[in-house]
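> From TrEMBL, here are the annotated features:
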type: DOMAIN; residues: 180-293; note: domain '1,3-beta-glucan synthase component FKS1-like'
type: TRANSMEM; residues: 338-357; note: transmembrane segment
type: TRANSMEM; residues: 377-395; note: transmembrane segment
type: TRANSMEM; residues: 415-437; note: transmembrane segment
type: TRANSMEM; residues: 444-464; note: transmembrane segment
type: TRANSMEM; residues: 1220-1239; note: transmembrane segment
type: TRANSMEM; residues: 1363-1383; note: transmembrane segment
type: TRANSMEM; residues: 1389-1407; note: transmembrane segment
type: TRANSMEM; residues: 1478-1500; note: transmembrane segment
type: TRANSMEM; residues: 1520-1542; note: transmembrane segment
type: TRANSMEM; residues: 1554-1573; note: transmembrane segment
type: TRANSMEM; residues: 1585-1611; note: transmembrane segment
type: TRANSMEM; residues: 1718-1738; note: transmembrane segment
type: REGION; residues: 1765-1790; note: region 'Disordered'
type: COMPBIAS; residues: 1768-1780; note: compositional bias 'Low complexity'
Amino acid sequence: MDKASPNRSLTDVEYPAWCQDSEVPVTKQQIRETFDQLAAKFGFQQSSKENMYHHLLAQLDSRASRMNAQNALLSLHVSYIGGEQANFKKWYFAAQLDLDEEIGFSKMKLRGKSNTRNIKVAKKTGISIKEQQLEWERREREFIDHHPKFSISESQLKRGKDLKTQDYKWKTKMRQLSPLQMLRQLALFLLCWGEATQLRFTPECLNFIFKCALDFDGYTNLKDPSFYSKEFSFLDEIVTPLYKYLRSQVYKRDSNGRWIRKERDHRFIIGYDDVNQLFWYPEGIERIVLFSGERLVDKPLSQRYLFLKDVDWSKVFYKTYKETRSWMHCFTNFNRFWIIHFAPFWFFTSFNAPFLYTKNYVQLLNNQPTLQSRLSVMAFGGTIACLVQIIATLFEWECVPREWPGAQHLSLRMTFLIFCLLINFAPSIYIFGFFDLDVHSKSAYIISIFQLIIAIITTIFFATRPLGRLLTTYFSKGKARRWYVSSQTFTASFPELAGRSKWFSYGLWLFVFTAKFIESYFFLTLSLRDPIRVLYIMDMSRCHGDWLIGNVLCQLQSKITFLLMILADLGLFFLDTYLWYIICNCIFSIILSLSLGTSVFTPWKNIYSRLPKRIYSKILATSHMEVKFKPKLLVSQVWNAIIISMYREHILSIEHTQKLLYQQVDSISLDSRALKSPTFFVSQDDSTFKSMEFFSANSEAQRRISFFAQSLSTPIAEPTPVECMPTFTVLVPHYAEKIMLELREIIKEESLKSKMPVLEYLKQLHPKEWECFIRDTKLLMSELNISKDFLPKTDSEVRIEAAKQFSEVDSANHLETKEEEQSHNEYKDTDGFVKEKLSDLPYKMFGFASSEPMYTMRTRIWASLRTQTLYRTISGFMNYTKAIKLLYRIENPSMIEFYESDSEALENGLENMAARKFRMLVAMQRYASFNEKEREATELLLRTYPSLYISYLLTEQGEDSSEPIYYSCLTNGYSEHDVNTGLRKPLYKIRLSGNPILGDGKSDNQNHSLIFYRGEYIQVVDANQDNYLEECLKIRSILSEFEEVGAESVIPYIPGIEYDEEPAPVAIVGAREYIFSENIGVLGDIAAGKEQTFGTLFARTLAEIGGKLHYGHPDFINAIYMTTRGGLSKAQRSLHLNEDIYAGINAMCRGARIKHSDYYQCGKGRDLGFGSILNFTTKIGAGMGEQLLSREYYYLGTQLPIDRFLSFFYAHPGFHLNNLFISISLQLFFLLLINLGALNHEIIKCQMKKHSVMTDVQTPIGCYNVEPALHWVSIFVLSIFIVFFIAFAPLLIQELLEKGMVKAFTRFLRHIISMAPLFEVFVCQVYSNSLLNDITFGGAKYIPTGRGLAITRIDFAILYSRFSTISIYTGIQIFLMLLFATVSMWQPALLWFWITVVSLCFAPFIFNPHQFSFSEFFLDYRNVIHWLSSGNSHFVKESWSTFTKTSRARYTGYKRKLINDVSEDASIDTRRASFKNIFLSELLTPGVIFFCDFTAYTFINAQTGVSEAVPSGAVFRLLLVTYLPIVVNMITLIVLFILSFISSPVHLCCKMNSGTTVAFVAHGVSIFVYVLNFELMWFLQSWNFTRTLILLITAVNLQILTFKLITIFFLTREYRNNLSHLAWWSGKWYNTGMGWWVIFQPLREYTVKVMESSYFAGDFFLCHFLLYLQTPLIMTPFIDYWHSMILFWLKPTYVISKNRVYTRRQKRMRNSGIRRYFLLYVILLLMLLLLLICPLLSHKILPAPVSLVKGMPFSMLVQPNGQKNNDTGPAAPTTIMTATPPLPSLKTAN
């Protein structure tokens, strides 16, 4: 322990395992001297030196506690520097540093420009590189000859083929090191690492610096003062230049001297990985040049360190991988995924679509193609596989720079792929080029057979072979050329699966794809055969088309529908793979669960009755204990501690606690006391035992004990003694998360829109725990009132005492005393009863009856421990201290005898042992800038837990520089207070190169705190987690999962001896999570369910098959392994938004294993509200978009074996891409629906007879057979239904496994009743939207979700502005298309999609607390009107104008100019998207949607089947209704602009602001024009609802496309301020800060306002549409009561339905507002209903519009209605077959 306690015992020495060992190879004094020498020599900071000194001693002590001191030092050296798994050694050989030491980089034969520069240097110095190589080979042979025990073949001797010689030399060198030299190397490495700041993210760069320092240290006199440097030299001269270079890539200074982020995308940023990868290869190190132009490698090894400060880093680095923002990364990285789906889909579909390649196909004949044609067409699947590989390779060429030495040689691969393409495609040229489709050729038939075989082989080969290993095997271990050792070492050293894991991996994917291909063929492909046939052969020549474009497009209607159906079916083909993955994964997880014994279906007999024995054998280190006491006594101490800790947490009542405790009773002889076991152990397993209540209903204690008992029945690693266990650290990053709840925020409503306080809600969620808390508080108060001198004197002491009431573990006797005291407090008379109830009222309401700080603090703590606070996290994980002390005391009974009555010394000894083995470290980044409340809460934590360590950033102003100086500091509860700052004084204060927060925050916060960890392992924990004493007792077994605790000691540095290959090291051990926020409403339970299934059900399978990565919490990390390889996460801003997962990828790529533990769990909180859950979802989705661009996905996707690739893909990117495929499939399906609906609406369908076959003559003659296509729609709907509802399967199975059938079904039913499916559909849309937006626009950033209780109503306007672009706009388009499909081709199956519409449009409001409260609804309507109309005379952040500008800025970006206006703060940091990024999603996609709408619209107006029809002007009609409102808005805005500009001087003099009025007029005119335009649509379509609807859909999409084209191509960047917006409405263009640009700005603003007028009308109508559809719910009695019950999952008696208490004035104002806006609401509703109903009835009242315009020039604009279009039967054209024709014969050729 770095900070000793004032009282000392015999174990108070800080590192006794090392310091008390008389045989230590290096004494503590020698270690101190070594650190002092190195600090003086290299200029390390004194504070950093002290920190690293204690860091090394802690690791030595940890290792020495389980092995002798010599081996402890040696093993650390092996781990850090010299061992097989040491990253330094791996890098040393990968970068060919061994050759550098022998012949020098400048004399090596390198590649590319590096070799050219070497040749130039050699010529200058008169040295021949070839001769140097020959000389080196000669020395190698001499070395072998002088070491007869060392054998190597001549072929192995060839340079680059084997590292056997180099490894022999390395081990020889390591063996020659003395213990002091080993320690010096360790100390130097740690000192470099301790001050490396951001360079800790670049491990190989740090290795290079260490290597230079090591060479310098080895070649200079250790005590020569001439080589000494002043303090901070290492930081300033070595680290800071690199830090500044990294910072310059992301940030720049503005005119005010502030650091602002550069507007750069990732492909232009040289980040941490680019810097790091330079040092992977000798060619990269050779690039390092000095300011003088000399190369660093030309300097002697011993002097390179001295020249590091003179390196010109700006000329050294370059991009080693271009994270281009493009979907093409998915093509390269996941090429096998595309091949697996595209090629089989082609095989299946082409085989079942012979009509596509049959000459003169006739359905009545169903004539078949030639066999050669069918086989050759099918064989095109091989060509598709080749094309995928070629496209993937082409993009790899673009994203991996050729100058990087690690880039693969793609020319050979491309040649091979082109050859494969030719041999797959060339036969088709022969078959179809030389023979007609009706000619059979024997030679062509034979060739087609071979072609199909080649195609299948090609597809299988490309689908299974990694792209990176397509031809070469240089990644294979032992066969690699020396050039590619780095690629093998750092990107492809995947640990191999063996045994059960290997069979599980292959078996899983064999089952998945077997089931998938069988289901896809028989369900998808065969169901598609008839629909596409009838659509493809359908003759649409009887349509009359349009006046302008003729009948060309309408004749293609069936072909367009055919193509859309093929694409929609392809989408399903992709989706059902994920469906089968989920199913098979769940099945395999069930098998694993049963085999591990973690399921309720595993025989659970006697898990409780055997629990005491299992505690003794699996929790206590019994094999190493001295047996002095009976096992029962030892077990009783553990069990009682667990039970009493639960009592202290108020999850057990006194009565239940009494029943669960071991208790001392009088023996039969009455001369001694015996220990009585609780009947709990027997009664839980014995059904015949008389039942006894041990827990309350739904008890948290019962859940915890149940899991504890069940977990001990599974295989668990044997624990080591506490004295021998490794030291570990719990690291908790904290930024602005709630530390502790304030009294005000828990007893008062959160806001005016909340109907219950937080405390009230918590009391209803935990009623029994609240009763226990009240009872305990009353007993405590009675005790304190009796004791006169007990009360502390200060408030702070009172608060600490209150906190300790929650944290201390009491004895059973104390509970008995409390129970006895309670029994005397009963009243017998009525007055006493009344008084008791009155006195109890404050307790029941607030938890205290006295306002003294102790009691209020207790209530705050109780609430904080039941919400997601840092206090809960610290309180939970500090149970490790209790567990270690408890276990140490039990396992060492001699301690009790030794200390006898000196309880203080005993406790001191236990505390010191706990401090040796465990450190709690909170990375509290903002501690120095906390406000008063945060400081108070933090101080409470430090006083409650003095051994808690807090790391933080401290900023001080530099004396000679304008830049502040940043420090990384550490403090704890023993530190003194600083009277100036009020903070604790730092134990260490380590200066940094600059602001360490260069990324998104969390990873940088972890990184700067990482130097303060202690021990060998780190548990990474979030600030919303919890832990329990019973789980902390398993810590020794968990740490044993790293397979290092009991590892056999092997002497590592013996050259020439080849040991058996070591198993891959374990880098990460994952653990289960219990989501304690489950059951807190439907949304909290959904979020909890997803976390549970992914963290348990899927994690179990993924860990088994090698697909699990690191997800942050609550994983245990192998600290030495990960800190020497880049740390716990990655930190490039935006790119590494989901920072934790990269640590897992890094560990996997570098050869480490990731395990999962099912017997240990921590508590975890999850988001509870709709907004917070969606914020988290958006962050994850956007983070996945960034992951798709990363090099890590490139390495995994192109190098993993096929089974591992599929496991990785479907567990990570596959989930998000699946959501995107769902959205795309739905879009395609609805486009298909409107085209099929238009087709169905205009044609005469065939009369289908039962048992008819396709070769029968269809009746009536000339009809259109669309029934198969309509039937296929039902199949698609069923598929989508299954895809959506499969999301519930994992949670159902998880509950089934762990809680049984009844609870699983109950939870599932509650989800269904609570409308969870609506939320699932909405989440799917959010995932796909966030992924799509990130790839298109970028800008992924950390979104603070806020994990408070979701009991506050959110305004409609805020929800609308948040989710309109995400889902509401999409939902309303789907609504219109679905409405069209419903009226044009009604099918019951379409009802499912109405659920989708409800979800996309209404989910934000359905899951909004108190959304349907009558009064709140109409007050909210007032806010909607204000939101729409505000922001036009002055800046309003929450306004429609700000929302529209922010949405537009995604396309335009912002100007850099700032004028310090308040509106500039509202502009988000948005980078202007490049054209090629937005082309696909923002131009091509809307263009395709419009085209598909346009085809449906033109066909439905093409008068198909009408005889002698005159083509109408449908296209002109569309252009008229689309652009007429825009033209009117243009005229209106011009007039208003002139008026406002002229009148602005008058308004200035009168101090009037007319902006709001002018904007109101413009927007009002726009609304009115669009209403008239809507009525005009009805008129032009002759009051036909179906045709009017498709016209509306097409016009809307045309307008969207037009506005996007204008925005993207013609709009310049936005000003960050909104002054130009205000100036447009007010006419006041002066003083806008635009300078001369004010001349041109009105033109841009005019363009914007024309579009905004249309947007405003659209949002106005849409807002009212959404509100009006909620009207029936608003008018439903008690709707708020029932809605709250469903949303919060509260019992009916718990739902708070009472209104808030308002003053008389507040009531009057609220009622007035409700009346006024209710009236406005109703008036607008009646007007809109009238405008909708009138056109529906107009055709009955008014004459046909065609007759009104007959003879007028624009008569063609009106579509005729009610025409006779039945041209079937007798009226059918004579060209239609009425009988089966003769079957044509095939021709034969050679």
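Here the Cβ of each residue, glycine as well, is placed from N, Cα and C on the backbone.
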> In the same chain, which residue numbers or ranges, 6 or more beyond the ends of the transmembrane segment (415-437), come under 8 angstroms Cβ to Cβ?
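Here the qualifying positions are 357-359, 369-370, 372-373, 376-377, 379-380, 382-383, 385-387, 389-390, 393, 444, 447-448, 450-451, 454-455, 458, 470-471, 1787, 1789.
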> Which of 338-357, 1363-1383, 1389-1407, 1478-1500 shares the most C-beta pairs under 8 angstroms with the transmembrane segment (1220-1239)?
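Of the candidates 338-357, 1363-1383, 1389-1407, 1478-1500, 1478-1500 scores highest.
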> Run the contact check on the transmembrane segment (1363-1383) against the transmembrane segment (1520-1542): 3 or more C-beta pairs under 8 Å, excluding pairs closer than 6 in sequence.
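By the criterion, they do not touch.
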> For the transmembrane segment (1554-1573), give me same-chain residues lying six or more residues beyond its boundaries with a C-beta closer than 8 angstroms to one of its C-beta atoms, as numbers and ranges.
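That would be 1428-1430, 1432-1434, 1521, 1524-1525, 1528-1529, 1532-1533, 1536, 1539-1540, 1543, 1547, 1622, 1625-1627, 1649, 1653-1654, 1656-1658, 1660-1661, 1731.
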> Pop the mean pLDDT for the domain '1,3-beta-glucan synthase component FKS1-like' (180-293) in here, whole number is fine.
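Value for the domain '1,3-beta-glucan synthase component FKS1-like' (180-293), mean pLDDT as a whole number: 91.
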> Taking the transmembrane segment (1478-1500) as the first stretch and the transmembrane segment (1585-1611) as the second, find out whether 3 or more Cβ pairs fall under 8 Å, excluding pairs closer than 6 in sequence.
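Yes, these stretches are in contact.
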> DSSP on the region 'Disordered' (1765-1790): how many residues come out helix, how many strand, how many coil?
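Secondary-structure composition of the region 'Disordered' (1765-1790): 3 helix, 3 strand, 20 coil.
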> Which residue counts does DSSP give the domain '1,3-beta-glucan synthase component FKS1-like' (180-293) for helix, strand and coil?
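Breakdown, helix to coil: 74 helix, 8 strand, 32 coil.
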